[in-house]
Amino acid sequence: MITELTQQTTLPKHLLDFQSWSRKHIEDLFETAKLMQEVLSRPVKKVPALTGFTVATVFFENSTRTRLSFELAARRMSADVLSFSAATSSLAKGESYKDTLLTLDAMGIDAYVIRTDAAGVPYQAVRWLGKPIINAGDGWRAHPTQALLDAFSLLERLGSLEGRKIAIVGDILHSRVARSNAELLPMLGAEVWLCGPATLLPSGLPKVTMTTHLHEALRDADAVMALRLQRERMDKGLLPSLPEYVAGYQITQERLGWAKPGAPLLHPGPMNRDVELEGTLADAAQSLIERQVANGQAVRMAVLYHLLVGRKSA
Amino acid sequence: MQGEILLKNVRLVDASGDRGPADVLIGEGKILALDGGNAQRTLDASGLILCPGFFDPHAHLREPGQEVKEDLETGLTAAARGGYTDVVSMPNTTPPVDHPEVVAALIKKARQIGQARLHPAAALTQGQEGKLLTEAKLLKEAGAVMLTDDGKTNEDAGVLALGLTYAASWGLPVSVHAEDAGLRRGGVMNEGPLSFRLGLPGNPSAAEAARIARDLEIVRYVLERQTQDARHDPRLHIQHLSTARGLQLIRQAKAEGLPVTTEVGPHHLTLTHERLESLDPVYKVAPPLRTQADLEALIQGLLDGSIDCIGTDHAPHTQAEKEQDLIRAPFGIPSLEVAFPLLYTELYLKRGFPLATLIERFTDGPRRVLGFRPIHLEEGHEASLTLLDPKSERAVDPAGFASKAKFSPWAGWRLSGWPVMTWVEGREVFVHPSFAVGA
């Protein structure tokens with residue numbers, strides 16, 4: 001099965017955001033992800049595709065689900081995984097990002113999965129290292145694999161995203177998930193609406209519609225995504241209070257009714273129940289939240305495969 | 001390498017214009033003649049430009065306390081290489097320069113180094129804490145030429161009013177970093193569609209304009225309160241202007257007759273915020289790179305004199321500091337060694353900006369702001385001079401900087417108009433190695 005995958009078009013060397021990726025690249029990647037889903041459905045969920053490759057997960061910022069998802073994805077394809085966490089690393093002792101990465105590189109790494117709390121580090125890493133770099137979230141900038149798994153999950157449910165209205169609700173200004181979805185979903189034909197309090201809404205994202213009115217965003221939406229509300233925003237004066245946010249922007253059963261019947265509900269996690277979403281909605285039939293996590297693994301397997309093997313054979 | 005030198009057939013350019021060729025005799029620390037004479041050494045300077053020495057009103061030389069980034073020796077050597085004979089150092093060192101003894105010690109050390117001359121700016125408030133004023137009289141006597149809390153942005157308008165009032169008694173200008181901290185909100189680049197798309201905290205142009213508007217109002221207030229016997233007007237100098245709106249406010253204030261001056265940095269005249277698309281901290285500077293419209297306005301302001309001078313805002317950092325991410329990396333670009341060739345190439349050669357005006361903004365403009373006498377290319381004037389090579393083109397190579405900071409947003413840019421010799425009071429403080437001065 002895996003040998004069928006070697007007929008790829010030339011892919012970008014890195015996954016930093018979607019600027020150098022085409023719709024065709026994304027569609028090819030999703031075809032691979034479907035094959036990876038099949039691998040994950042087997043009793044023995046392991047293939048030798050990346051035998052001999054070493055993938056480093058370099059997390060300068062804490063994360064649980066993204067990191068585990070990437071590491072499991074790499075191991076399912078028999079890659080060796082070097083796991084690096086900043087909280088317990090030399091970085092905390094004052095070592096620079098560059099020196100940290102160069103130290104790892106001396107250990108013979110083939111690809112890097114990098115997360116940081118500040119925009120730009122994966123882009124800097126491209127300048128420092130000659131290896132494929134996967135951005136696993138950099139500050140407010142981008143979280144491309146999250147957007148890929150969101151789009152993949154939506155495609156699974158909706159069939160096609162052409163002309164579909166997708167509403168993303170919450171703290172858009174500080175959300176890398178919103179930015180990456182605002183890049184990717186329009187590439188796949190979707191109409192993206194971003195909705196949140198005016199103080200948490202940027203004005204410069206192309207190809208999307210912005211609104212502060214939840215009803216406008218959700219009306220006849222084909223899918224709804226709630227984003228995590230970061231409570232520290234209140235300390236910074238960007239939000240008056242939690243009840244104020246809940247009153248204006250929480251996705252409730254009633255408000256979800258403004259969307260098309262059965263419209264899937266997504267959340268990138270981690271989730272604050274009863275803040276972004278009415279608690280019970282997360283477990284409702286139209287919730288895709290667990291499906292997103294499952295698909296995340298297949299999508300990340302596809303990304304690693306394409307950047308390490310697919311590209312090599314292209 | 002001292003003694004008399006005759007520059008044969010050199011082209012004179014100063015604030016009065018492009019004055020054509022002359023045979024300039026330099027000796028005894030002065031310009032001895034413009035029509036030749038006898039000298040121990042003669043240099044065929046055909047095709048080269050002689051102008052008054054450059055004066056930088058705004059450089060960070062990092063001493064005392066941050067010598068890992070730069071020290072007086074490397075900073076002043078970098079200045080001499082850049083054609084500067086005089087440099088104003090900012091007081092935001094560790095500790096801040098807020099005592100007369102420190103000012104005197106810096107000047108003494110700079111004299112021993114013997115490169116460009118140092119003119120320290122001292123803090124406006126003790127410890128740059130924005131509360132208690134420093135000893136302006138004693139600081140002035142020790143050699144300070146300006147008071148400023150620099151990057152600490154004088155949040156308390158009352159303290160700035162007191163500082164302007166008091167500094168005026170001793171003829172010292174006060175310079176301000178005009179950015180409202182509340183509006184800036186930790187921004188690392190120009191706020192706008194691009195910062196939103198890149199996911200970087202933005203610093204709106206309103207942060208600069210709002211603060212300039214406030215500070216100009218403070219100048220009006222201080223002038224109104226001034227006693228009849230005041231010998232000096234309060235003088236406000238606004239550092240490193242970056243926005244068209246800020247320029248508009250200063251232009252109006254000047255038309256009104258307010259004693260306000262301003263400077264612009266080489267980066268704000270040659271780079272725009274689109275450079276941050278690369279997410280490279282080399283472009284991180286405060287105030288941030290702005291839009292093309294701002295850049296065009298600043299060039300116009302420099303041309304019409306609304307902007308008095310070029311200030312490099314030379315801000316060296318270590319490589320490791322600058323290679324952090326965009327949020328943590330420090331603000332600043334080292335520019336003493338490239339400022340002139342950069343603007344010679346980008347403004348004069350590419351845009352036809354008048355050369356004599358450009359040179360004025362590097363020479364007399366800053367001297368006027370600081371209350372120094374201009375240097376004219378005339379007999380009897382001090383020989384603090386810069387010789388430029390307008391012909392040879394060379395790429396910017398940060399590895400070769402005398403500054404300890406070896407990074408530059410202009411790395412690889414091919415520039416002309418490089419300084420090849422610099423004299424301070426007749427002493428040759430820089431001679432380009434490829435440039436053999438005949439005996």
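Here the Cβ of each residue, glycine as well, is placed from N, Cα and C on the backbone.
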Looking at TrEMBL, B:His58, B:His60, B:Asp313 are annotated for Zn(2+) 1. Which of B:Asp149, B:Asp150, B:Asp156, B:Asp397 sits in that same site?
B:Asp150
Among B:His177, B:His232, B:His267, which is the one TrEMBL gives for the Zn(2+) 2 site where B:Asp150, B:His240 also bind?
B:His177
Write down the one residue from B:His119, B:His317 that TrEMBL lists together with B:His60, B:Leu61, B:Arg62, B:Asn92, B:Phe331, B:Gly332 as binding substrate.
B:His317
CB within-chain contacts under 8 A for B:Gly332 (substrate binding site), separation at least 6:
B:His60, B:Lys284, B:Val285, B:Ala286, B:Asp313, B:Ala315, B:Pro316, B:His317
For B:His58 (Zn(2+) 1 binding site), the three-state class that DSSP assigns:
strand
Can you tell me the CA-to-CA distance separating B:Asp150 (Zn(2+) 1 binding site) and B:His177 (Zn(2+) 2 binding site), as a whole number of Å?
5
Secondary structure at B:Phe331 (substrate binding site) (DSSP, helix/strand/coil)?
coil
Helix, strand or coil by DSSP: which one applies to B:Asp150 (Zn(2+) 1 binding site)?
strand
